[in-house]
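Swiss-Prot has this to say about the protein:
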{"type": "DOMAIN", "residues": "22-194", "note": "domain 'EngB-type G'"}
{"type": "BINDING", "residues": "30-37, 57-61, 75-78, 142-145, 174-176", "note": "GTP binding site"}
{"type": "BINDING", "residues": "Ser37, Thr59", "note": "Mg(2+) binding site"}
Amino acid sequence: MDVNNVELIISAVRPEQYPETDLPEYALAGRSNVGKSSFINTMIRRKSMARISQKPGKTQTLNFYKIEEALFFVDVPGYGFAKVSKTEREKWGVMIETYITSREQLRGVIQIVDLRHKPTEDDRMMYEFLKYYDIPVIVVATKADKIPRSKWQKNAKIVRETLDFDPDDKFVLFSSETKMGKDEAWQFIKEGME
């Protein structure tokens, strides 16, 4: 998709704050500091539309980005961030679960994992949750440029096995540096919009 117009419409915490729209939505889920903001910026060809932070846990709301009057990316808080209180993490969990299970406009979830590391229990639980609710999902393994190409397949196998990955789902190696995987991710989105 050729992206020229992107706008952050609202940062929401409750359903009544979600934008009233019929446009399809794609949620981006992943651990804190896994590269969600870099993924968004790469997909929409912007350097800093989604703020990138060295501090995990920066996103604390559901951020609705309208793209080309055609769809929304919804950046959800990173899960598994230890430096916020348990109460705060539980609030984020409820906010994410409410959005994912009740939003009619949601067409799919882009689950982002770090190719360099074995997925955590939180990653596994998120994937299992999406499968349980029969929500279309693509797993995007970011930061491929940070490890030697010779390790890509080995690391991808570890990610798939740890998640108990469904071979019917799409799995993409991604790099915000080289733009590898960008076209495959857009293909998943386009298919869900048809």
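Here the Cβ of each residue, glycine as well, is placed from N, Cα and C on the backbone.
Owing to the predicted nature of the structure, the values given are computational and were not obtained by experimental measurement.
Features recorded in Swiss-Prot, as mapped to the structure shown.
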{"residue": "Gly30", "record": "GTP binding site", "Cβ neighbours (10 Å)": "27"}
{"residue": "Asn33", "record": "GTP binding site", "Cβ neighbours (10 Å)": "18"}
{"residue": "Lys36", "record": "GTP binding site", "Cβ neighbours (10 Å)": "27"}
{"residue": "Ser37", "record": "Mg(2+) binding site", "Cβ neighbours (10 Å)": "22"}
{"residue": "Thr61", "record": "GTP binding site", "Cβ neighbours (10 Å)": "15"}
{"residue": "Pro77", "record": "GTP binding site", "Cβ neighbours (10 Å)": "24"}
{"residue": "Lys143", "record": "GTP binding site", "Cβ neighbours (10 Å)": "20"}
{"residue": "Phe174", "record": "GTP binding site", "Cβ neighbours (10 Å)": "28"}
Check: Distance between Phe174 (GTP binding site) and Ser37 (Mg(2+) binding site) at the Cα atoms, whole Å?
Finding: 13
Check: How big is the Cα-to-Cα gap, in Å, between Thr61 (GTP binding site) and Ser37 (Mg(2+) binding site)?
Finding: 13
